[in-house]
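For reference, Swiss-Prot has these:
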| type | residues | note |
| --- | --- | --- |
| ACT_SITE | 18 | active site, proton acceptor |
| ACT_SITE | 129 | active site, charge relay |
| BINDING | 18, 89, 396 | anthocyanidin binding site |
| BINDING | 356, 358, 373, 376, 377, 378, 381, 397, 398 | UDP-alpha-D-glucose binding site |
């Protein structure tokens, strides 16, 4: 083959939930013969360097690397070290959303550096996060196709699009009144509270308008999903929303072996082998895994309800508590745990404070259910592992993903969340207990388990040679080759 090697730049937004799937994508394209370069800032480069080096050791003939872009926080009016969402999540002040907005708008500082690098390297394509709408203009200026990466499902993108076009929330009595999203396959019922509608007159609303406009003028969209999972919505999206969309996921399946699965994000707060040994001692399908994503810190009152609910369910569990370091202590002094909780549940439950090797855990045969916030990375990792889920959406587009799990795929049990977590309504211990019992051993548990297992097999088939996602990678690379 005399074709020039394809070179793709990957530019993730600086947050773990955005960096991890684009790292997976960079590895996927490297495995398919492309040269992959990840663009990021100094602090985030340190997070990506270790998994990239490990990947290169295992695959010395493949090309993958990092280009560091300067991001002078203090000069931009940000606190020292404010280079990713982790910093903002740990920022213990009431104006943390204002800091997030300032951080978001400050990323445009990298525009000139991006353009210089594109000009110098002349890559085949730029895959840039949706949070960088200005990247479309940068790529266009130099004649390089810009692909958008949203990091969510086609289903959620279709829901958002139709909410914006039809504005059904304007036609109901209140923000908690349910309505059907018009024009979509199936009856998707939601409320304005759950849809997390952005006021278009606010700075954030105006930013989203820029995001949509940049997508319209971009070359296309790369979706971390697989066609069979949401075919009606993938077709709808290609017909009405995006000119071109390639479904190339689940991206988490581009990780092979224990070390690669364990090394995707930050260093885990538990020894992987110790965790696997604990799981090996449990009956298949008997453990429920709870994790609410890297960006969700729940109040102590809610953690207490979860603890009582778990204990009441009688199930084995692994519970990942992702709170800020100054909020989570160790041992029995923690005021978010019932007195004597860990002692009473020794052998039955495992609490991981901080970061967990999630894909490694979900893939273990002992796991029988996953309690999730319905962030798309976690949702798709649960689907790829063939697991039924307890859905507990908290913000962003998570209520849409919940509808996909509970109403379309029918592999989810709703814990009872009806509005965004920031509104402060607690889920009770009784609700937690009921949902956990139901997902593991309820009346419809077996039916749900079989459907989830089938979807897991379909996910794995999609990324194998001849599968739908494998073929979409081919089609995308052929399209890039055709542009030369």
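Glycine too: its Cβ is placed from the backbone N, Cα and C atoms.
Where Swiss-Prot records a feature, it is marked here on the structure.
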residue : record                           : Cβ contacts under 8 Å, 6 or more apart
18      : active site, proton acceptor     : 12, 129, 131, 149, 151
373     : UDP-alpha-D-glucose binding site : 291, 292, 293, 296, 392, 393, 394, 398
377     : UDP-alpha-D-glucose binding site : 17, 20, 21, 151, 224, 252, 293
381     : UDP-alpha-D-glucose binding site : 250, 252, 358, 359, 362
396     : anthocyanidin binding site       : 196, 375
Neighbour count first, Cβ atoms within 10 Å, every protein chain included; then name which of 89, 398 tops the list of binding-site residues. 398
129, 356: which of these recorded positions has the sparsest Cβ neighbourhood within 10 Å? 129
For residue 381 (UDP-alpha-D-glucose binding site), the three-state DSSP class is helix
Largest separation between Cα atoms (Å) of residues that the record links to UDP-alpha-D-glucose, namely 356, 358, 373, 376, 377, 378, 381, 397, 398: 23
To the nearest Å, how far is the Cα of residue 89 (anthocyanidin binding site) from the Cα of residue 356 (UDP-alpha-D-glucose binding site)? 18
Would you list, in sequence order, the residues of this chain other than 18, 89, 396 that have their CB within 8 A of the centroid of the site's CB atoms, where the site is the one recorded for anthocyanidin? 15, 16, 17, 85, 293, 294, 295, 375
